[in-house]
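Have a look at the structure below before the remarks.
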């Protein structure tokens, strides 16, 4: 197949910011692109060859879109998997595979998949209804504290809650869920694995999510992670094992815990470019977006080590501000060495809404980390 | 002015490949963009917010387009300068300035400008008609060999010819031209200077154009140039002097000769992102396109040194092939370390047509240069 001609069409399900960054990279290779998205205001609209309006969870919308393309990928997991399965059977190359998405979309299934494949993960129990959790606590089968996770449709911290007493369950969705051991961990790590259809595999360096000491929110993604080599090696091996277990094609971002005794436990995965890989645009020899394209088009994978150290800071709406967005002090952070803001173009801010990210690169990772702190102190996403 | 909102509009004259690469960078900053271009098939069409059809040399087309934007820039020099002058008088920020473009558009004026500002350049004579060159040769005022250059509208090697005998003038355009001393040089160098409206200035490292030993064509752009520090310093000083003389805002690419005795002579300039800066996308802390935006929006300029060594190879149509383009062995070059192809998306190839470029980056510049040679040997732009 000649990707470098207009006979070939790449389809992307989802028209958000990840899709937009993926689309920029298709331009390097002059790939013809089609996007399906429910909103006419999607960021991708300006960057694709064909924009199709449609609901990603609707069988017909996804099927009719997918049958027009040669390779179909996603930028968001919540899509109609039955349609993907039909498309696969009809010869469309779907990456990630419908099977993989079906497993990942349901956190209980995802956890069982790890157990079945001897992939280390925190112990958990599965419940069809949240009321069953109450029963399990009552009869001693489940002890506080534990982590409640909705089986479906949770992301970006939604659908996850630490439960320390029964009343913490109040107001949570009633449906299928898991209760997971609360693992005391030293670090939250992530490895992005790229695998093409020929089975060639490359991993990006292990990254470290550094948490705010009080707010328990990820503040910095640091690449490479400041961990011993043997821990990095172990995390990379686990990530590779997960990618292989899924027989995955494309990028797979594997989020893991490094426990107090340096065990590695898989938390969850994303079968696509991921927030933990944004720093690759500036720091790596190959950006995660270019690598995803190389993988799903079965091209040779690019070099994944860093040119320089990279730190990523998310730009989220400040508390107390809702309305037309203003990036206070953005010019200030642009005076700092190796700082690149990525503004996603959302016109309205609200507390904690993800509005962009900032990458800080430097030949000295500690210096990048220091500048990242300056960035964090300086810029503020507020409203007019 | 708040660039990071849709109240602000950036206008770009020209819809070609340079404009497209510039547009990708506007997305990082969420800048609203308008493009004027005569062809409905322009590469920029897919990457801008508003696409306007119109002739860049037409006063009304440029004026009517320009009065709708806040800042106006170019991606090609051949635009209607009178319209730019009117727009400047009406308060539109035009970078590069109409004055600068008027000087640069005419090679005789450009050379006189260097003389007036004590900027070193090869000796030359100006002629209103090519017949005056014949007279000057006949009366001994001009000796072979010399370089004939059309005063206007020549680029990419058009409008330039080495003249060793009278018959070499046959078939050349009859109009205004210059005859320049043929300077024996060691190296052709270039420096890109960025200057914002506040007058802050940064220079990218000196790059070296390495020529094919026989074909006398630029084969590789190498960054940084493999020249002594004092020569690099001198070239940078000259480039800064040129930028200051023009009171230039935006990028100014200054092409220079390093003579046999290490003098620096300015050859010509381009007031925009330039072929000699493409490697900055992968090699530099700030790409030339982002830097041009920072400069014309009067934002702080980014860091301009290299993360790693960079070499750029132009992809041009091979001799003997005309028609639907095929990038033979592109997958082969993608197996090589640090190699990124940039395919411009032109559907038809013809001999020497610029179809794209390839960047090769490596921590060791010599290794990048070695891989660049492999790239050059491997990929071939042919037709179906």
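In case you wondered, yes, glycine gets a Cβ from its N, Cα and C as well.
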ATP binding, same site as A:107, A:180, A:181, A:182, A:183, A:188, A:267, A:268 - TrEMBL member from A:149, A:234, A:241:
A:149
Rounding to the nearest whole angstrom, report the longest C-alpha distance spanning A:107, A:149, A:180, A:181, A:182, A:183, A:188, A:267, A:268, listed for ATP.
18
Helix, strand or coil: which one is residue A:188 (ATP binding site) in, per DSSP?
strand
List, in sequence order, the same-chain residues at least six positions removed whose CB sits under 8 Å from that of residue A:268 (ATP binding site)?
A:104, A:107, A:110, A:255
Least buried of the binding-site residues A:180, A:182, going by other Cβ atoms within 10 Å?
A:182
Which chain-mates of residue A:188 (ATP binding site) that are at least 6 residues away have a CB under 8 A from its CB, listed by sequence?
A:208, A:209, A:211, A:218, A:255, A:256, A:257, A:258, A:267
Neighbouring CB atoms within 10 angstroms of the CB of residue A:107 (ATP binding site), all protein chains considered, total 24
